[in-house]
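Heads up, the thing below is written out as structure tokens.
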Amino acid sequence: MLNQRIHPGMLVLLMFLYHFMEDHTAQAGNCWLRQARNGRCQVLYKTDLSKEECCKSGRLTTSWTEEDVNDNTLFKWMIFNGGAPNCIPCKETCENVDCGPGKKCKMNKKNKPRCVCAPDCSNITWKGPVCGLDGKTYRNECALLKARCKEQPELEVQYQGKCKKTCRDVLCPGSSTCVVDQTNNAYCVTCNRICPEPTSPEQYLCGNDGITYASACHLRKATCLLGRSIGLAYEGKCIKAKSCEDIQCSAGKKCLWDFKVGRGRCALCDELCPESKSDEAVCASDNTTYPSECAMKEAACSMGVLLEVKHSGSCNSINEDPEEEEEDEDQDYSFPISSILEW
């Protein structure tokens with residue numbers, strides 16, 4: 001009875017409208033790069049995508065919302081509401097999840113798929129501890145690879161064995177050379193690299209030796225050839241400063257004046273000294289005994305004066321050898337070589 005009352009042409013039109021609306025609904029969603037802990041979608045990737053198109057990449061964190069909303073609503077969601085509501089994750093299981101190299105998908109305690117670090121350690125022959133480029137000792141190379149996967153993508157093994165305070169017994173791989181930095185830590189560095197010419201004035205660096213280096217690469221190379229740390233005084237070309245007032249340090253650093261050579265250098269002064277009774281007292285270059293090296297640094301930052309360790313223990317306990325003091329002239333506690341050699 002109903003079909004007899006509707007014109008055949010009207011049925012064709014209704015069928016066309018139905019399929020158009022169905023297709024439009026399938027295309028009207030928004031694709032997001034992640035689902036936050038609050039359950040909302042965050043980091044908008046693309047609008048007007050179907051769930052199938054949004055989720056075909058295989059990324060674990062990709063999510064989708066079906067609401068077809070205007071730009072104003074999207075803006076409010078992202079800025080004021082912590083993301084878009086009704087967030088649908090693309091992946092509910094680990095099936096076809098691509099976590100990338102060194103990772104694999106596992107279901108967590110909440111029965112949700114998560115990418116976890118799982119480096120391939122099957123080809124590692126050295127099973128003992130290794131020293132990383134960050135100056136930390138890892139129990140083995142596999143532990144270092146996991147740390148690299150989690151938070152340090154540039155982390156590499158610099159030499160086998162625990163990190164050392166001297167180049168003695170350090171076997172550097174390939175053509176790299178062992179140098180000791182200003183905090184008395186041994187690092188393996190490459191001296192034969194070719195440094196490109198600077199393309200910007202911002203690349204110039206002033207070394208603790210009062211010499212201007214064209215770039216961090218040039219400072220690395222000079223450090224390597226010297227065999228011990230030069231250290232960074234401040235960014236930019238070296239100037240004939242009369243005091244720290246003439247030196248502009250980057251954010252978070254403070255100028256300390258070295259009265260011995262009449263130069264200033266920028267240092268990090270935000271270190272808090274732990275309350276530990278195990279620290280060894282040090283005799284500083286101002287002939288004052290400090291309870292620890294950290295306490296000496298704290299005093300230096302407070303006074304705006306560069307202080308260096310002359311020797312361990314009380315200043316009254318050892319008659320300093322002038323030759324040894326000369327050897328430590330360029331020591332600097334503010335800029336570990338890891339930050340200089342890996343720029």
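Even glycines carry a Cβ here, placed using N, Cα and C.
Feature annotation from Swiss-Prot assigns domain 'TB' to 29-102.
What Swiss-Prot lists as domain 'Follistatin-like 1' is 93-116. If you average pLDDT over the domain 'Follistatin-like 1' (93-116) in this model, you get 85.
Residues or ranges marked as domain 'Kazal-like 1' in Swiss-Prot (evidence: sequence analysis): 99-165.
The annotation N-linked glycosylation site is assigned in Swiss-Prot to N123 (among others). If you take the C-beta of N123 (N-linked glycosylation site) and look for same-chain residues 6 or more apart in sequence within under 8 angstroms, you find none.
Annotation comment: Swiss-Prot describes 166-189 as domain 'Follistatin-like 2'. DSSP labels the residues of the domain 'Follistatin-like 2' (166-189) in these numbers: 0 helix, 8 strand, 16 coil.
Here Swiss-Prot flags 185-240 as domain 'Kazal-like 2'.
Residues or ranges marked as domain 'Follistatin-like 3' by Swiss-Prot: 243-267.
What Swiss-Prot records for 263-317 is domain 'Kazal-like 3'. When DSSP labels each residue, the domain 'Kazal-like 3' (263-317) comes out as 11 helix, 16 strand, 28 coil, counted as helix, strand and coil in that order.
Counting every protein chain shown, the Cβ of N287 (N-linked glycosylation site) has 10 other Cβ atoms within 10 Å. Marked as N-linked glycosylation site by Swiss-Prot: N287 (among others).
Among the features that Swiss-Prot reports, region 'Disordered' is placed at 315-343.
Residues or ranges marked as compositional bias 'Acidic residues' in Swiss-Prot: 320-332.
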